[in-house]
């Protein structure tokens, strides 16, 4: 075993240790952002706030660090395989074959350690939505207006991080409030509804807050303003004023169940 080979292994070991420490730091920052947004979700509505952009960049950084960790780990495995002495007949071959199979599984399995604990938790949450109704943006990023419908989650592809959803009540006209059947959508286009049987799972939207809510009698979601939250009304319903819903020169207040109201997405176009 040459000194150069030992030096190479030690360099990669130190690099692996650095990557893991960097991942821990990024995960701490992600958790801080989560706590901030859970405690004060209204901050994203303030002009100039970039909380969501910061969170996106942190997730991208965590992904890159995880992928680098996999690459360095594979390099170390190769270096060690080359230096290990052969064992009894057949043992060396089994060890190499076992390492090759392990590396193949690590490359093929999206749930291996390349994902941060936070991302794995997020993917698990997405998978748990199968069979549930959710709010879905069915229009593309280049659309002039965003269209949101109530759909049912049929499948979640963890590798592609993509939902397959189905509109159970497609509409026949503009006011029908439905889509056109099946859609394949990225995670960013899906918002889970609060649990119907658990009012405490709903965010606390104060009066004046902009939200996205199901318009009564339809399966379409539109931007609305909270006129009165459930807690003040001592019920499970919100009183909302929907944009562009004017009647006789005023916006009527519509009753919407708490489990059909979600936060207004950043950059919503209507």
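From the backbone N, Cα and C atoms, a Cβ is placed for every residue, glycine too.
Taking TrEMBL as the reference, the stretch among 85-119, 120-154, 155-189 described by the feature region 'Disordered' is residues 85-119.
If you take every residue in the domain 'SGF29 C-terminal' (124-270) and average the pLDDT, you get 87.
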